[in-house]
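Annotated features, as they stand in Swiss-Prot:
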BINDING   Glu359, Asn361, Ser363, Glu366, Asn377, Asp378  Ca(2+) binding site
DISULFID  Cys265-Cys395  disulfide bond
DISULFID  Cys268-Cys279  disulfide bond
DISULFID  Cys296-Cys389  disulfide bond
DISULFID  Cys368-Cys381  disulfide bond
CARBOHYD  Asn92  N-linked glycosylation site
CARBOHYD  Asn361  N-linked glycosylation site
REPEAT    108-130  repeat '1'
REPEAT    131-153  repeat '2'
REPEAT    154-176  repeat '3'
REPEAT    177-199  repeat '4'
REPEAT    200-222  repeat '5'
REPEAT    223-245  repeat '6'
REPEAT    246-268  repeat '7'
TOPO_DOM  1-49  topological domain 'Cytoplasmic'
TOPO_DOM  71-399  topological domain 'Extracellular'
TRANSMEM  50-70  transmembrane segment
Amino acid sequence: MSDSKEPRVQQLGLLEEDPTTSGIRLFPRDFQFQQIHGHKSSTGCLGHGALVLQLLSFMLLAGVLVAILVQVSKVPSSLSQEQSEQDAIYQNLTQLKAAVGELSEKSKLQEIYQELTQLKAAVGELPEKSKLQEIYQELTRLKAAVGELPEKSKLQEIYQELTRLKAAVGELPEKSKLQEIYQELTRLKAAVGELPEKSKLQEIYQELTELKAAVGELPEKSKLQEIYQELTQLKAAVGELPDQSKQQQIYQELTDLKTAFERLCRHCPKDWTFFQGNCYFMSNSQRNWHDSVTACQEVRAQLVVIKTAEEQNFLQLQTSRSNRFSWMGLSDLNQEGTWQWVDGSPLSPSFQRYWNSGEPNNSGNEDCAEFSGSGWNDNRCDVDNYWICKKPAACFRDE
């Protein structure tokens, strides 16, 4: 029986798997799988564990490879960043090197600037204005050039300018001579400060001229000769720009002369106001501009024509005190926008400042000028206003 089983076992051995690998035996009967339990089953579990370990090892190896690939991929970008940083460092080093190269020139510029400052201070005290202005202009140009820290070619130009400047300063008078000149100027300034102002002298001279003209019309010959002699003396004294004591004497003589003259006649007719050789009449009634021109002509006068800033201030004060709108002899009737006085003279550009704000505006054919508040205004010529007449002063005797 054993002999019969042995060939069967060998035949089955051809169909049996290794129990260490699968733990399953195949039988030709019914061609089905049959699992053998017991210790054969334990051996199959151990086979599965080895597979799991192999799978885990493979996954770990794959993770390591992925990590290596990631690190390797970062290397080019890191190298590129490192290269750009090196370029930036190199550029900064180049700029620093250039800046260091300019430091020596900067110290030289500071030296030049100090010399220029000293020269400017010295020249600023000198009295020769034309020469000083030329030097000061050169100093200003040099200072501006030095302040800009110029390049080397500019430095050479500055050195040349500085050399010429030093030569120019060397031609100026020495300090002791300057002090002498300055003292002389100080004395002259003090002396001039004691003299009467030019406007005051002109006023005195004008009054003297007017008095002389008025005296010429007086009938008493002996009295006229006496007054004329005093006028001649006063005129000569004023022409010599006398010192303060002489001025007081002139003022006293002038006062006495005016007092004596006023005993003989008045400057202006009754109800007229005298100012700087002229007589002014401020009306108490109102007329339009054309009738105001006629009213002044009837008394041998003229609707006021303003010649000086002093006269304007005087008249503006008179009208503002009385709070009256008063006609003056100014209009643009001949040509719109071209203002003329009644004597035919044009309005001076310097008088444009006397118009009130926004005037003249020609609102409703306003062609005639009036005193209004603190300035001038244009108004319609047919409006009734007060008016001001003007004529030269003369001798008017009391009746």
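Here the Cβ of each residue, glycine as well, is placed from N, Cα and C on the backbone.
As a whole-number mean, the pLDDT of the topological domain 'Cytoplasmic' (1-49) in this prediction is 46. Cys395 (disulfide bond) falls outside any helix or strand according to DSSP and counts as coil. In the three-state DSSP scheme, Cys381 (disulfide bond) is classed as coil. Sequence-distant contacts of Cys296 (disulfide bond), defined as residues of its own chain at least six apart whose C-beta falls under 8 angstroms from its C-beta, comprise Phe281, Gln302, Leu303, Gly329, Trp387, Cys389, Lys390.
Cα distances from Asn361 (Ca(2+) binding site) to the disulfide-bonded residues Cys268, Cys368, Cys381, Cys395 are smallest for Cys368. Rounded to a whole number, the C-alpha distance linking Cys279 (disulfide bond) with Glu359 (Ca(2+) binding site) is 29 angstrom. The disulfide-bonded residues recorded for this entry are Cys268, Cys381, Cys395, and the Cα of Cys381 lies nearest to that of Glu366 (Ca(2+) binding site).
Ranking the recorded positions Cys268, Asn377, Asp378 by Cα distance from Cys368 (disulfide bond) puts Asp378 first. For Cys268 (disulfide bond), other Cβ atoms within 10 Å of its Cβ number 18. Cα of Asn377 (Ca(2+) binding site) to Cα of Cys268 (disulfide bond): a distance of 29 Å.
The binding-site residues in question are Glu366, Asp378, and the one with the fewest Cβ neighbours inside 10 Å is Glu366.
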